[in-house]
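S.K.: Structure in structure tokens, see below.
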Amino acid sequence: KKMGGQIAKDQDQLKSLNFTEDELQKLYKNFQKLDTDNSGSLEPEEFFDIPELANNPLVKRVIAVLDKNKDGSISFLEFVQGLNSLSAGSSQEEKLRFAFQIYDINNDGFISNGELFTVLKMMVGNNLNDVQLQQLVDRTIIKADKDHDGKISFEEFADVVKDLDIIDKLTINC
């Protein structure tokens, strides 16, 4: 089945991405499979049905980053734009921006002490108690915060993670 009316509307934006027409058709089929209630968009619950994401502690943050217009669900365009950020054809900066947004919960362009704590808490669960986790957060901020404003900018974030071989981990092959 060809992509529907919503897609026709988003055609220009879709064309600017790193995907061929065939790849977009394939992605649309996958999107429709995930869209179990046939609403034309993905609700958070539908993401939890994806085995690879079901146990991912950051799935809620990934959904929030994908949801550009903040309406609580992911349109096909938002879905593809997110995949595009992580595709082999996207730049290192695009991948790092996606990762940065996972931590920048309030979208102010900085990762605060509280935001880093919240996201790391999602990742470590109860493996560290809150005191240990807060110490880790404080150490991380001190190490990354070059201008000593108490928070991490995108540039500071990129500087810290560029040595962590993270770019390969942030690349998905569709």
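From the backbone N, Cα and C atoms, a Cβ is placed for every residue, glycine too.
Residues or ranges marked as domain 'EF-hand' in TrEMBL: 54-89, 91-126, 132-167.
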S.K.: Could you give the number of helix, strand and coil residues in the domain 'EF-hand' (91-126) as assigned by DSSP?
M.R.: 24 helix, 2 strand, 10 coil
S.K.: For the domain 'EF-hand' (132-167), jot down how many residues DSSP puts in helix, in strand and in coil.
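M.R.: Secondary-structure composition of the domain 'EF-hand' (132-167): 23 helix, 2 strand, 11 coil.
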S.K.: Over the span of the domain 'EF-hand' (54-89), count residues by DSSP class, listing helix, strand and coil in order.
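M.R.: In the domain 'EF-hand' (54-89), the DSSP-based counts are 19 helix, 3 strand, 14 coil.
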